[in-house]
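Heads up: the structure comes next, in structure tokens.
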């Protein structure tokens, strides 16, 4: 319950901040996507509200950062997979040897030399 209250305590002001930012930056700008000839771009120019451009750039940065982090952790995930395989293999070996250990422990108790 407390987690939900804290979440809403942060989400509502954040949503209001985004809404106020969008209202403050609703003027239109001309967007063209041809960096070589900005005077006569291949696509555009077309009018877009400024907040859409800013939110789009923010979203694109978050997505590219997530993809970069995912591919950056590839070695760690591969290492974890190898360790899990090794763990499973060793666990199977221990399970296969376990009945022999139980039998040996019982015999060791009966042995006078121990």
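Here the Cβ of each residue, glycine as well, is placed from N, Cα and C on the backbone.
Features of the protein shown, as given by TrEMBL:
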- 45-94: domain 'Lipopolysaccharide assembly protein A' (DOMAIN)
- 50-71: transmembrane segment (TRANSMEM)
- 88-114: region 'Disordered' (REGION)
- 98-114: compositional bias 'Basic and acidic residues' (COMPBIAS)
Near the transmembrane segment (50-71) in space but 6 or more residues beyond its ends, with Cβ under 8 Å, are 18, 21-22, 25-29, 31
The domain 'Lipopolysaccharide assembly protein A' (45-94) - residue tally per DSSP class, helix then strand then coil:
44 helix, 4 strand, 2 coil
Looking at the domain 'Lipopolysaccharide assembly protein A' (45-94) alone, can you tell me the average pLDDT?
94
